[in-house]
Structure formats: structure tokens, C-alpha cells
């Protein structure tokens, strides 16, 4: 078994960078490993049009480390009021690569999200016409639906209908967490793909809840039972190009996580590819990591793969207990724990 693993430089097809004083920290972490990233638009206020996307992009570019060529790929936040003209203008801007469907109330800063998918059918039709992917946070939000069932219910109530109604639309089922979602994507047409996070490959709800509540494992969609974790590992390591890397790295200040009503989100950008390598190694599937991390995503988006490389070495190191986050700190996933792979920084 080799102690070195060289991959074409990967991209992150789903990340939260936040805004303001924290950007130098979050952008620095993602740029360390990834060439490009799909930037989530759930700011306050959200990124609703091409002009707002352009302004946010400039703030991200200004926060890049010296010499970095990291490229943010911007995303439009869909609301009930998003028009086909908004979609066409976003496409014409050349900097917006997708549009994001957040059901209202599904996750952090989603209050401006879509209250009924039917409300945005004209915008979705425009997405299909211009060839821009629809990114979907696939959970229903009705209070009577159990939090562990919300992804499956979304598939049954909405996802199948959208895919059937818009057969040419590229759809990314983001951060899938269930065997139901993995099966749906596998059986769907080629224009339907999915991202999978490192935490959903490495952990299940027992890790979050047994022996005490661990708030830094709490994210949305929530970790599920181990049978779903196994199904996600099967999908990610299968070599199926429908599945690709999306960290959903989502930082919150320590006090916002370690609280009586803590925020959802795991911060993984600082060591994401190292964590994915651990998950793939558990399946003896390190040979499949480059496809998942570096090839499948660009192919789905119709973009070229990166040509430079990164190298991981099998070397234990201890994750930091906390990281700077503006004037505060963020506790990363795996804080204080050993990681088995390390990125050679000279290749970053």
C-alpha cells in the first residue's frame, strides 16, 4: 500500500464561505486544496441576482492568499420572486454557474427561500433553457415531518416531479444523506447528480448522539443511521460519475455551536481532502478518489478538469482544537483528533 497519493487538483462543488471579516480564513482554507468551489449564496441578505453575485465574488477574490489562483463559482439564491430574466442575466454574467433551491426554513439563512416549488417553475424552465444546473437542498420543512425522514419525503413529494417535468435540466441533489437519495440519483437520468460530504461518509448519528451530544457533528441534512452511511460509501466509491465531492463546509463561531440551540454545520474545509481519503481508504478505494474529487464534478458542469496536482502522504497529524474565524474561533470537525493523511503544502 503506497504512502503517497497524487491526484489532479480537486474542486469543491458545495461550500459556505460566509462573508466579511471571516473571509480571509475560510477562503484560505479552501484555496489550500481546491482550485474551484461552488459558493453557497445563503448570506444575509442572500445573493439573489448577478450584481450581488459579482460583488460577493470580488470580496472572495480580495480575501485569497497571496499568489492563490482559487476561483469562486457563484450561485444564484432562488426565491419565490426569482424571474426567468434573473436567471438569464445570471447566465449572461459569466460568473454564475448554478442556482440554489433552499426550501424556506430548511437550513441556515434559508428564510428567504422558496415556499412552494411550483412558484419557481418559470425560473426552473429558464435554467433548463440556458443550461444552468439547479442545486437542491432536498428536505421538506413541515414541522410534523420527522427530521430523519425529510430527505426521503422530499424525493417522493418534489424531486421526482421536478426531474420528470424538466427532462433537460441538470439537477444536483446536494449533500445526500440517505440510501433513498443514493438510489434515486443512481436510477435517474444522466442529468441528475449528487454531492456527498466527508462527514456523511465518515460518521452516522451514533457518533453525534451516543455518550453525549456532540454539537460539532450537527449539520443539515442531519447524520442518519449507519445503513445510510454504508449506502453513501457505496455510491461515493463506486466510480459512478453522478457522485462527486461537495464538502458543505459550513462554519459557525464556537459560541453559536456550543449552545442550548446550536447552529447546523460542520467545518471541514481545513482538511477536507484528507478526510475523504480516510473514507475511501476504509473501502480500499483510494483508486476511486480522483474521479470523485477531481473529475466527476467538472464533467457534470461541463468544465475542464484541473491539470495541476496535489499530493497526500500517509502521516498522522493532530487537527487543531480551534481555528480563527474573524475575531472569533471555529471548532473544526475532528478537532484535537488524529488524521491519517496530510496534504503536502508545497503542492497547495
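Note that Cβ sites are derived from N, Cα and C of the backbone, with glycine treated the same way.
According to Swiss-Prot:
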| type | residues | note |
| --- | --- | --- |
| BINDING | 14, 16, 100, 248 | Zn(2+) 1 binding site |
| BINDING | 16, 17, 18, 42, 137, 220, 252, 264 | substrate binding site |
| BINDING | 100, 137, 175 | Zn(2+) 2 binding site |
| MOD_RES | 100 | N6-carboxylysine |
| ACT_SITE | 248 | active site |
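Location within the structure of each feature annotated in Swiss-Prot.
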residue	record	Cβ contacts under 8 Å, 6 or more apart
14	Zn(2+) 1 binding site	37, 38, 40, 135, 174, 175, 195, 197, 246, 247, 248
17	substrate binding site	23, 26, 27, 30, 37, 39, 40, 60, 72
18	substrate binding site	26, 43, 251
100	Zn(2+) 1 binding site	40, 41, 42, 75, 76, 77, 78, 135, 136, 137
220	substrate binding site	106, 107, 108, 139, 264, 265
252	substrate binding site	108, 262, 263, 265, 267, 330
Residues close to Zn(2+) 1 site centre defined by 14, 16, 100, 248, Cβ within 8 Å: 15, 38, 40, 42, 135, 174, 175, 246, 250
Count of other CB atoms lying within 10 Å of the CB belonging to residue 16 (Zn(2+) 1 binding site): 25
Largest separation between Cα atoms (Å) of residues that the record links to substrate, namely 16, 17, 18, 42, 137, 220, 252, 264: 19
For residue 264 (substrate binding site), the three-state class that DSSP assigns: coil
Chain-mates of 100, 137, 175 with C-beta within 8 Å of site centroid, Zn(2+) 2: 14, 40, 101, 102, 106, 107, 135, 136, 138, 174, 248
Among 42, 137, 175, 248, 264, the one of these binding-site residues whose Cβ has the fewest neighbouring Cβ atoms within 10 Å: 264
